[in-house]
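Per Swiss-Prot, ATP binding site is recorded for Gly170, Gly171, Ala172, Gly173, Val174, Gly175, Lys176, Thr177.
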Amino acid sequence: MRTNPLVLGVSALVEKNVGYIAQIIGPVLDVSFSPGYMPNIYNSLKVQGQGTAGQEIQVTCEVQQLLGNHKVRAVAMSATDGLTRGMTVIDTGAPLSVPVGGATLGRIFNVLGEPVDNLGPVDARITSPIHRTAPAFTELDTKLSIFETGIKVVDLLAPYRRGGKIGLFGGAGVGKTVLIMELINNIAKAHGGVSVFGGVGERTREGNDLYMEMKESGVIDEQKISESKVALVYGQMNEPPGARMRVGLTALTMAEYFRDVNEQDVLLFIDNIFRFVQAGSEVSALLGRMPSAVGYQPTLSTEMGSLQERITSTKKGSITSIQAVYVPADDLTDPAPATTFAHLDATTVLSRGLAAKGIYPAVDPLDSTSTMLQPWIVGEEHYETAQGVKQTLQRYKELQDIIAIPGLDELSEEDRLIVARARKIERFLSQPFFVAEVFTGSPGKYVGLMETIRGFQMILSGELDGLTEQSFYLVGNIDEATVRLNSTGK
């Protein structure tokens with residue numbers, strides 16, 4: 001049996017609390033420590049040594065279980081290739097800590113808070129542990145307020161709550177990334193806020209594409225990196241489950257610093273929240289826990305709650321979270337999406353049909369929902385306008401079959417008017433984005449909520465029945481539609 005170096009009485013080692021690897025099962029390590037020197041749950045452990053090929057090894061693990069017999073079970077945050085039994089393991093005495101603050105903006109990090117963008121080291125003087133309790137109830141800002149995004153379809157029909165959680169549903173190629181980048185741009189310009197993007201268990205190519213598009217659109221400023229509007233944290237598909245399970249907490253920790261210390265409004269993007277659950281399920285099985293429904297971890301609700309409850313508004317600032325939600329096999333009753341839905345305040349659904357028509361953002365106005373769309377929260381005027389828009393679009397949807405076969409001429413005069421207004425509304429829900437200027441050549445538009453409401457009221461009332469549909473396509477506020485008519489004469 002290997003002697004624990006701690007027992008040898010070497011003072012330098014005693015100070016650091018050293019153990020050794022007793023067993024390795026994939027990304028899970030069992031580590032032996034001396035009696036009385038056991039690390040705490042969630043403590044960060046560092047494995048140091050030389051691999052079988054002579055390469056230097058530095059692996060960080062997180063303690064998950066205390067097994068008895070002076071052993072702990074830990075999950076590795078990086079590949080365990082080259083590790084052997086008997087290797088030295090140092091207990092850092094604290095949970096994993098990551099850099100926070102302005103130094104993180106414009107940079108890409110891994111789960112450990114290490115920069116992975118080849119732009120040199122990060123100023124890590126200010127760090128914060130990734131495991132924290134949610135803010136106390138007395139610190140919360142319980143006032144219900146709308147988070148204005150400047151995007152017409154979102155603000156009118158499925159408004160976001162300040163400090164709320166929003167689910168973003170959409171397949172490939174319907175504009176999720178562009179919508180995310182526009183939100184990052186708008187919070188920076190209109191609210192003086194910053195954003196943190198957590199790539200959880202998605203494709204490495206997508207992470208790279210997002211980074212390149214952010215640089216191209218100016219969200220990340222290569223010349224003045226500190227003036228960038230977003231910090232990126234990636235734990236992609238090829239990472240071990242421990243990294244994918246914790247990368248969301250790393251991103252959240254960076255966002256919490258901007259909220260609590262800088263007192264800013266923060267947008268936190270998590271893509272994809274399902275992968276967070278999936279990674280937790282893998283780790284749970286590796287730790288030997290009995291699986292629950294559909295093979296998920298028995299601690300599913302607890303893990304989801306501990307992440308989601310930290311995303312909230314306090315009296316200092318807010319974290320508003322937008323989470324892409326993958327629904328396995330389109331089954332909304334699957335425990336992973338079902339547990340996520342319990343925490344969401346709004347859903348933004350992107351439609352391939354609208355994208356095919358060229359209407360961007362391709363947000364489905366009838367499928368997207370929000371708990372904030374209540375008359376006592378948004379006001380009677382906003383609520384009535386939103387309901388009028390939805391009723392008009394719903395009637396248009398019901399008439400589609402008649403329009404497709406016999407044609408518009410078979411409709412009553414009233415229905416023809418509804419169809420004409422619905423088509424104008426559909427086009428007015430489109431909007432030129434700031435981050436898409438480089439692709440479209442059209443200058444981006446931020447539309448305030450009152451301007452949005454006024455525009456849709458004018459369409460619903462019939463004031464603009466004389467304008468063509470094309471006048472409403474890709475404009476900002478309603479005045480631009482009338483100006484376009486006068487300038488083109490159409």
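Cβ from N, Cα, C; glycine included.
On a predicted model such as this, the values are computed, not experimentally measured, just so you know.
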Same chain only, sequence gap of 6 or more: which residues have a CB within under 8 Å of the CB of Val174 (ATP binding site)?
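Long-range Cβ contacts: Leu350, Ser351, Arg352, Ala355, Ala362.
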Have a look around Gly175 (ATP binding site) and count the other CB atoms within 10 A of its CB, chains all included.
21
A 10 Å Cβ contact count, applied to the binding-site residues Gly170, Gly173: which residue has the minimum?
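The binding-site residues Gly170, Gly173 were compared, and Gly173 has the fewest Cβ atoms within 10 Å.
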For the ATP site given as Gly170, Gly171, Ala172, Gly173, Val174, Gly175, Lys176, Thr177, which other residues of the same chain have their Cβ within 8 Å of the site's Cβ centre?
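Residues close to the ATP site, other than Gly170, Gly171, Ala172, Gly173, Val174, Gly175, Lys176, Thr177: Leu350, Ala355, Ala362.
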Going along the chain, which residues six or more apart from Gly171 (ATP binding site) have their CB under 8 A from its CB?
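Listed in sequence order, they are Leu350, Arg352.
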Would you count the other C-beta atoms found within 10 angstroms of the C-beta of Ala172 (ATP binding site) for me?
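Other Cβ atoms within 10 Å of Ala172 (ATP binding site): 7.
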If you draw a 10 Å sphere around the Cβ of Thr177 (ATP binding site), how many other Cβ atoms fall inside it, taking every protein chain shown into account?
17
